Amino acid sequence: MAQHDYRELAAVFAGGALGSLARAALSALAAGDPASWPWPTFTVNIVGAFLVGYFTTRLLERLPTSSYRRPLLGTGFCGGLTTFSTMQVETLTMLEHHHWGLAAGYTLTSIAAGLLAVHLATKLVRRVRVRR
């Protein structure tokens, strides 16, 4: 069995708690309706994708190695903020209510916008000069 660094696990836990709280706060602002676009979930997933792209590129390419930054910010915060499972439940609910176009549009737009967000964040980090 592999040894775990409990400080790294604590970083994931702390980041996950903060990300989950941020998502819950945003979700509380708007109630779900299967006939409308689920903006809270869409927003946190796209923002989370951007942040994962930003943090991953910045931490791997621009900052000194730290064993706690990636678990705290990437796995923890962004993992807690984003919610693929809620997106799936919302899509299924749309399908159950016969909102076929909305379900297809939501799924395709979520995937495309998420990929674009990661790409843009990566380009942004790589465009900024590194101070030495």
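Cβ from N, Cα, C; glycine included.
Annotated features, as they stand in Swiss-Prot:
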BINDING   GLY79, THR82  Na(+) binding site
TRANSMEM  9-29  transmembrane segment
TRANSMEM  35-55  transmembrane segment
TRANSMEM  72-89  transmembrane segment
TRANSMEM  100-120  transmembrane segment
Next item on the list: Tell me the Cβ contacts of GLY79 (Na(+) binding site) under 8 Å, same chain only and six or more apart in sequence, or just say none.
Entry: VAL12, GLY15, GLY16, GLY19
Checklist line | All-chain count of other Cβ atoms within 10 Å of THR82 (Na(+) binding site) | finding: 22
Next item on the list: Six or more residues out from either end of the transmembrane segment (35-55), which same-chain residues have a Cβ under 8 Å from its Cβ atoms?
Entry: 19, 22-23, 26-27, 29, 69-70, 73-74, 77-78, 81-84, 86-87, 90, 97, 99, 102, 106, 109-110, 113-115, 117-122, 124-125
